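Colleague: Take this structure first; my questions come after.
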Amino acid sequence: MTDQAFVTLTTNDAYAKGALVLGSSLKQHRTTRRMVVLTSPQVSDSMRKVLETVFDDVIMVDVLDSGDSAHLTLMKRPELGITLTKLHCWSLTQYSKCVFMDADTLVLSNIDDLFEREELSAAPDPGWPDCFNSGVFVYQPSIETYNQLLHLASEQGSFDGGDQGLLNTYFSGWATTDITKHLPFVYNLSSISIYSYLPAFKAFGKNAKVVHFLGRTKPWNYTYNPQTKSVNCDSQDPTVSHPEFLNLWWDTFTTNVLPLLQHHGLVKDASSYLMMEHVSGALSDLSFGEAPAAPQPSMSSEERKERWEQGQADYMGADSFDNIKRKLDTYLQ
C-alpha cells in the first residue's frame, strides 16, 4: 500500500546503523508498506546514500532551516531539538496513516496489522504504564496536529525533556479513553523490562513482535564475535539478560547492512573485519567517529531519586543489580 508507511528517524551516523537494521528487519518480514526515514543534517552524505538503498524515502529535516514555527520553537526551547525533528513525522501528509518506530527497535515478525489501529495507538511505558512509550506508535499525519504539537512544545515544553513527555501531554486521554489504542506490550518489548519482570517474559516473550533496545547502551555499542555469532557483554548487565535479541540485531547487521556499508566505502575491508576473533579492534571503523561515552559526574541522592522516578535509573552503573544487592545486604546484616 503506497499511502501507508513505517517511519523512523536518525540524527547521526550511529543511529543510522540502527535505522538500517530496522529497515532490513521490516523487509525481511515482508512488509507491504513503504518505509521512510527522517534524517537530520548531522547524517553524512555517504550514510544518506546507504539509507536510500533500504528506505523508499529519505527526507532531510533541518529544523533550523525550516520555514514553519518549528524554527521559532527551537529558538525558544533549544533542548527540544531532536523532539522537534521527530514531530516532523506528522507533516508527512502524502501518507494517510503511519507507524513511527525508533531507530533502536528491531522487528521480529510481520507487523503490518498495526495499520488497522487508529491514532494514537501505542504500548504502555514500562516505567510508568499510564503513559505510552513513544518508541512505537500509530498515527495519522496532519498539518493541524503538527502545528498544535509545535505550539504545545513552545508553550509548555516536555515534562521529561523529550518527545515522549510532549506526546503524552498532547494525547492525554490515552490511558483511560479507548483501550483499543493500547498496543500489546509485544509490539514494543523493552529490553530492560525483560530483566525487571522475567517470569512474564518467560511466559509471553516468545510472542514478541518488536524489541526496543532502551537504555544508554545501544546494540551498535557492543562488540560482536562473528565466529560465535554472539555479543561480548557483561553477564551482569540487566539489558542483556536475554542476549538473543542483541545477537539477532548483529546478525541482521552483518548479513544485510555491513555489505552496504562496504559498498559505499564506509567500511573498507569487511572480510578482514569479519575474520577477526573479535570486532572490538574494528569497532571504531563501524562507529563512524563516535567518541566513547564520557564518565558521568557524581550526583546527589536527591538527583538520583529524581532520575529513578523519571525511569532513568543507571542500570549499567550505580544502579546495577550487583550494586543494589550489595546495598541491601549492608542493611540486612
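Placement of Cβ uses the backbone N, Cα and C atoms for every residue, glycine included.
Per Swiss-Prot, the feature UDP-alpha-D-glucose binding site maps to LEU9, 11-12, TYR15, ARG77, LYS86, 102-104, 133-134, ASP160, 163-164, GLY215, LYS218. Positions annotated as UDP binding site by Swiss-Prot, on the basis of similarity to another entry: LEU9, THR11, ASN12, TYR15, ARG77, ASP102, ALA103, ASP104, HIS212, GLY215, LYS218. Per Swiss-Prot, the feature phosphoserine maps to SER44. Here Swiss-Prot flags LYS86 as site 'Important for catalytic activity', drawing on similarity to another entry. The Mn(2+) binding site annotation in Swiss-Prot covers ASP102, ASP104, HIS212. The annotation region 'Interaction with GYS1' is assigned in Swiss-Prot to 284-316. Sequence annotations record features per position, and here Swiss-Prot assigns region 'Disordered' to 290-316.
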Colleague: How long is the line from the C-alpha of LEU9 (UDP-alpha-D-glucose binding site) to the C-alpha of ALA103 (UDP binding site), rounded to the nearest angstrom?
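Modeller: ALA103 (UDP binding site) has its Cα 6 Å from the Cα of LEU9 (UDP-alpha-D-glucose binding site).
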Colleague: Between all pairs in LEU9, THR11, ASN12, TYR15, ARG77, ASP102, ALA103, ASP104, HIS212, GLY215, LYS218 (listed as UDP binders), what's the biggest Cα distance, rounded to the nearest Å?
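Modeller: Maximum Cα-Cα distance: 28 Å.
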Colleague: Could you tell me which three-state DSSP class ASP102 (UDP-alpha-D-glucose binding site) falls into?
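Modeller: DSSP assigns ASP102 (UDP-alpha-D-glucose binding site) to coil.
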Colleague: Could you check which of the binding-site residues (ASN12, SER134, ASP163) sits closest to LYS218 (UDP binding site), going Cα to Cα?
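Modeller: Its closest listed neighbour, by Cα, is ASN12.
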Colleague: Recorded positions SER44, LYS86, ASP104, ASP163: which have a Cα within 10 Å of HIS212 (UDP binding site)?
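Modeller: Those close enough are ASP104.
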Colleague: List the Cα distance (Å, whole number) between ASN12 (UDP-alpha-D-glucose binding site) and SER44 (phosphoserine).
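Modeller: On Cα coordinates alone, these residues lie 8 Å apart.
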Colleague: Where does LYS86 (site 'Important for catalytic activity') sit in the DSSP three-state scheme?
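Modeller: Going by the DSSP assignment, LYS86 (site 'Important for catalytic activity') falls within a helical segment, counted as helix.
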Colleague: Do you know offhand how many angstrom separate SER44 (phosphoserine) and ALA103 (UDP binding site) by C-alpha?
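Modeller: Pair distance, Cα basis, whole Å: 16 Å.
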Colleague: According to DSSP, which of helix, strand or coil covers ASP163 (UDP-alpha-D-glucose binding site)?
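Modeller: For ASP163 (UDP-alpha-D-glucose binding site) - judged by DSSP and reduced to three states - the answer is helix.
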Colleague: Taking the Cβ of ASP104 (UDP-alpha-D-glucose binding site) as reference, which residues of that chain separated by at least 6 in sequence fall under 8 Å from it?
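Modeller: Spatial neighbours, sequence-distant, of ASP104 (UDP-alpha-D-glucose binding site): TYR15, GLY18, GLY135, HIS212, PHE213, LEU214, LYS218, PRO219.
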Colleague: Sequence order is fine: just name those binding-site residues in ARG77, ALA103, GLY215 with a Cα within 10 angstroms of LYS86 (site 'Important for catalytic activity').
Modeller: none
